[in-house]
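J.: Pasting a structure here, questions to come.
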Amino acid sequence: MKNLKKKLTLTGLMTAGLLFLSGCVQTHVVDGVRVPTEAATHGITYNFLVRPMSAFVDLFANNLHMGYGWGIIFVTLIIRFLILPLGLNQAYKSTYMQEKMAYLAPVFAPLQERLKKAQTPEEKMAAQQALMAAQKDNGINMLSSIGCLPMLIQWPFFIALYNAAAYTTGISSSTFYGIPLGHPSVVLVIISGVLYFIQTWISTLSMTPEQKKSGMAMLIMSPAMIVVFSFMSPAGVALYWAVGGFVIVIQQIIITFIMKPRMRRRIDEEFTKNPPKINNEGLKDVTPTSVQENFKEITSERNEKERKSGGRNAGKQNRK
C-alpha cells in the first residue's frame, strides 16, 4: 500500500509538472496549428519568458541560417548548461541527505522497530519523538534538502524553453532531417524515452538495495511520462525533451560517479570523528540489539570491506 501511494504521488507530481509547463500559455487551434491565444500573447508569461526565448531560437534558425531544428537544439543546450550548476546544487543537497539517511539506517533501525512495536499511543508518541530527536541530533533534516530556490530559478527557463519549442512562429512548418517539427515524431519520442531511461538507470547504480526498491518506480515512470507527453506534442517539443534528456544524463553521471563517492567519504569521516548520538531514555526496550552495538557492527563491516579493497588495490599497484 505504501509503495502504491509513493508511485501515485510520484506520477501525480510528474504529471502536474508537465501540465504546468504546457499550461502556462493558453492556446487554441488556427488552421490546424495550435498557437497562443491573443490574450496569451499579451500576458506576462509570454512576453517576459516565451517571446525572448522564441527570439533566441529565431537567431539561430533565421539569422544564422541553421534552421529551427538546430535552433531548438542550440538554445536548449545553452540554457540547460547555464542552469546546470543550479541543478547540481539542488541534487547535491538532496542526495547528501539521502546518503546520510542510508548510512544511518542501521543505527535508526532499532528506534523504528520500537515505533512499530509500540502498543499504546503514549509509547508511539514517545518512540516517534525519540526517532525525530535522533535524526535532528545527527543532522538529518529532509526539508533543508529540498532546495526550493534552485528549483524556482530553473522553472522559468523550463517554461520558456518548452513554449518556445512549441509555439515559435515557423517551427510548425519546418522540418529537421525530414522530420516535420509541427507533428508528432515517433523517432524523437523513442530517443527522448531512451535518454530519460538511461538517466534513471544510472541513478540506480549507486543506490542501496532499500533505495532501489523505491527507485525502480522512477526507472519506469520518468521515461514513460516523457514518452506519453512527447507523443502528444509536436516534434519540436520532443526535440526539446531529447536534448534536455542528454543534458540530464550528463548531470546524472556527475552525481553518480563524482558527487556520491565524495559524499560517502565525507559522511564516513563525519561519523568516524563524531559517532551517532542516540538517546534511549524513556523508551520501552523491545529490541535485543542496542543502537550503539548496531552502529559498531555496521561500521566494522564497512571498515573490513575498505581494508580488503585497499589491500587488493595496493597489490595491483605493487605489481605495476
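A Cβ is built for glycine as well, from the same backbone N, Cα and C atoms used for every other residue.
Swiss-Prot lists these features:
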LIPID     Cys24  N-palmitoyl cysteine
LIPID     Cys24  S-diacylglycerol cysteine
REGION    270-320  region 'Disordered'
SIGNAL    1-23  signal peptide
TRANSMEM  68-88  transmembrane segment
TRANSMEM  142-162  transmembrane segment
TRANSMEM  178-198  transmembrane segment
TRANSMEM  217-237  transmembrane segment
TRANSMEM  239-259  transmembrane segment
J.: Which sequence-distant residues neighbour the transmembrane segment (178-198)? Criterion: at least 6 residues beyond either end, Cβ under 8 Å.
T.: 33, 68-69, 72, 171-172, 219, 222-224, 226-227, 230-236, 238-239, 241-242, 245-246, 248-249
J.: Cβ under 8 Å to the transmembrane segment (239-259), counting only same-chain residues 6 or more beyond its ends: which ones?
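T.: Distal contacts: 69, 72-73, 76-77, 80-81, 84, 87-88, 91-92, 95, 161-162, 165, 176, 181, 188, 191-192, 195-196, 198-199, 202-203, 205-206, 226, 229-230.
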